[in-house]
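Some notes on the structure that comes next.
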Amino acid sequence: MQRLLFPRLKALMGSPCLWLLGPRAAPRTQCGCSCGIRHLLRPGQYSTISEVALQSGRGTVSLPSKAAERVVGRWLLVCSGTVAGAVILGGMTRLTESGLSMVDWNLIKEMKPPTHQEEWEAEFQKYQQFPEFKILNHDMTLAEFKFIWYMEYSHRMWGRLVGLTYILPAAYFWRKGWLSRGMKGRVLALCGLVCFQGLLGWYMVKSGLEEKPDSHDIPRVSQYRLAAHLGSALVLYCASLWTSLSLLLPQHKLPETRQLLWLRRCAHGTAGLVFLTALSGAFVAGLDAGLVYNSFPKMGESWIPEDLFTFSPILRNVFENPTMVQFDHRILGITSVTAVTVLYFLSRRIPLPRRTKMAAVTLLALAYTQVGLGISTLLMYVPTPLAATHQSGSLALLSVALWLMNELRRVPK
């Protein structure tokens, strides 16, 4: 009986079907010699040779899932950093009124700056044909033109760097199989948004190059297109940073209480307010609304200025009246810092991990710092260094708001 049963049992234990049903052992590697000795790896340890999976007769090298997630998370963190740099540099370009110095757009040709005197003079002559020179900078010298040209050139080249930072690694990770199905869709959306952002930037610049015979205002880009350009950059930044934090930071298993639900909702609402306040800053910059009432807390001699509703219909005032635009930005800023304060005190009533508490404290400190920077910028008539710091602070505040949201996210079941 034993002779009949044991050979069949051994054959069954060696069957590949049973291996699929049973639990898998720790991965093993063979040494390079012909002895066939197998070495067990400790839990969490990866082989020095990547696992090779044969698919349709072709080999694809893939990292273990956790390692691949870390690599993709760090890449997206770098990408969000490049987008932040583009936003800050774009703000500097707007503050120095350099955005209209390059009057044409070419993806490849404009990468090479002028090098000879003749090339600079030709570039300057092209600029002299457009409204900004004729109305605002008619006495500009070639040396002054070079400064604003290089500001815009730096912003455009940085934009190309952002595109390469997204697209080239994305293609590499896709080919290597390091992106999950859901991540592939997200990466495609991010890369598409990068390309859209570049086209939107040129669409914005064109609005400032158009001749407007009936207007005597200083030539500037459309505040609507400026807000769209900034808004899409902020969406790209937030999506990249959120995905990166979700991949890199271990998720907390917090008890799903009613207090935590309220805190989570408050964090989402606060982040939305911070985003909306930063976006309203595009209308302030586009209309030079920071130079209208340079006093605080009152606007001039009154709390509510008389010229809030100068334009007709009334809705136009929200987006085209500099007084209303500054008033709205003030209200949004005060509302945002109030929401951050409420969020902080709500977080103190709930036992939270140390990292989550640190995010709440950092958000509170940044919110009040940002308010101080905004008031100082207003009272000092918008000096470029201080205004650029204020714009950068809004990005930092938005980053920490996303960090806190990520800390409080629900653990999937």
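Cβ from N, Cα, C; glycine included.
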Among ranges 131-148, 329-346, whichever one TrEMBL labels transmembrane segment: 329-346
Feature contact check the transmembrane segment (329-346) with the transmembrane segment (225-249), CB under 8 Å, 3 or more pairs: no
Recorded stretch, among 75-95, 157-175, 329-346, 358-382, maximising Cβ pairs under 8 Å relative to the transmembrane segment (187-205): 157-175
Tertiary contacts of the transmembrane segment (388-405), as residues 6+ beyond its ends and Cβ separation under 8 Å: 84, 87-88, 91-92, 95, 234, 237-238, 241-242, 245, 264, 267-268, 270-271, 274-275, 277-278, 281, 343, 356, 359-360, 362-363, 366-367, 369-370, 373-374, 376-377
Interface check, the transmembrane segment (157-175) with the transmembrane segment (75-95), three or more C-beta pairs under 8 A: yes
Long-range environment of the transmembrane segment (75-95) - Cβ separation under 8 angstroms, sequence gap at least 6: 151-152, 154-155, 158-159, 161-162, 165-166, 169, 173, 190, 226, 229-230, 233-234, 236-237, 240-241, 243-244, 247-248, 285, 382, 384, 387-388, 391-392, 395, 399
Surrounding residues of the transmembrane segment (329-346) on its own chain - C-beta under 8 Å, 6+ positions past either end: 259, 262-263, 266-267, 269-270, 273-274, 276-277, 280-281, 283-284, 289, 299, 360-361, 363-364, 367-368, 370-371, 374, 404
